[in-house]
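Report on the structure given below.
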Ligand SMILES: Nc1nc(=O)c2c([nH]1)NC[C@@H]1CN(c3ccc(C(=O)N[C@@H](CCC(=O)O)C(=O)O)cc3)CN21
Ligand SMILES: CC(C)C(=O)C(=O)O
Ligand SMILES: [Mg+2]
């Protein structure tokens, strides 16, 4: 299993870190069997598996519920769980208690927090001090979508790019073990990756990051209608899945399923005698 020092070694040797999200037992098993380095139980689960139109409604309980399923399915893989919307913004005590609860109940290897505000940085350092590894997340931070004004590329001006570099350094200084960069121009992601000693993991941040992460359902184009520009789908079988489901429905209607081979039987004489038969 991956750990902080192996991650740093991979960065130094330019061996890229492959990360993918997973939200349940079967996706975790398949991701582990594919030899991913890290699995993220992303709060994107709110959008791709729960059907919300943002990550904002996702709760601590949702993250624990899905996190537990993932760690059961991927016992030998480094699992990171997102802390959800506002679960680390009310107070330091509340943030630490939520972090502790998610970490203990899911049996994950690390937590991920978005942003680099004062309270977030303090939470990163206090969780780390308590023994909980933390991954940072900058650029497009979906929990702040309504402050950012949409799902847009971040760090496109001198001011915002400078701020992002400072934030990245502050996150590293707080003790984070890695940093996700989401929807960031390649040139800026490259600068951040070069300046940090912890690995950067990009999603829409170009090939210069120390690793890449994508959403499971995007990689398999499974149940998602529109893919962001940064996604490369490695499978496209929604039509086959749809047609398999339709065939099942038709066969039930036409009484073509179940057949003899799908059926259990006993000898007739073992059946109870019912009066009137
Ligand atoms: N299925 C899925 N994949 C993701 O990567 C993902 C989620 N859901 N939900 C949570 C966040 C939201 N994400 C998103 C969603 C949309 C765009 C998007 O449409 N971006 C535009 C670029 C806009 C611009 O040019 O500034 C695009 O065309 O890709 C980006 C990230 C990334 N995360
Ligand atoms: C897109 C990744 C980085 C994420 O935070 C998520 O899936 O929730
Ligand atoms: Mg997330």
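Positions of Cβ are set from backbone N, Cα and C atoms, glycine also.
Just so you know, TrEMBL annotations never went through curation; they're auto-generated.
According to TrEMBL, the features are:
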BINDING   43, 44, 82, 112  3-methyl-2-oxobutanoate binding site
BINDING   43, 82, 114  Mg(2+) binding site
ACT_SITE  182  active site, proton acceptor
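Here the features listed in TrEMBL are placed on the structure.
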residue	record	DSSP class
43	3-methyl-2-oxobutanoate binding site	coil
82	3-methyl-2-oxobutanoate binding site	strand
112	3-methyl-2-oxobutanoate binding site	strand
182	active site, proton acceptor	strand
Among the recorded positions 43, 114, 182, point out the residue whose Cβ has the most other Cβ atoms within 10 Å, with all shown protein chains included in the count. 43
Binding-site residues 43, 82, 112: those with Cβ under 6 Å from an atom of ligand 3 are 43, 82
So which of 44, 82, 114, listed as binding-site residues, have a Cβ under 6 Å from an atom of ligand 2? 44, 82
If I take the alpha carbons of residue 182 (active site, proton acceptor) and residue 114 (Mg(2+) binding site), what is the distance between them in whole Å? 10
Binding-site residues close to ligand 1 - of 43, 44, 82, 112, 114, only those whose C-beta is under 6 Å away: 44
Spatial separation of residue 114 (Mg(2+) binding site) from residue 43 (3-methyl-2-oxobutanoate binding site) - C-alpha basis, Å: 11
Among all chains shown, work out which of the binding-site residues 44, 82 has the most CB atoms within 10 A of its CB. 82
Residues within 8 Å of the 43, 82, 114 Cβ centre (excluding the Mg(2+) site residues themselves): 42, 44, 55, 58, 83, 84, 85, 112, 113, 137, 142, 143
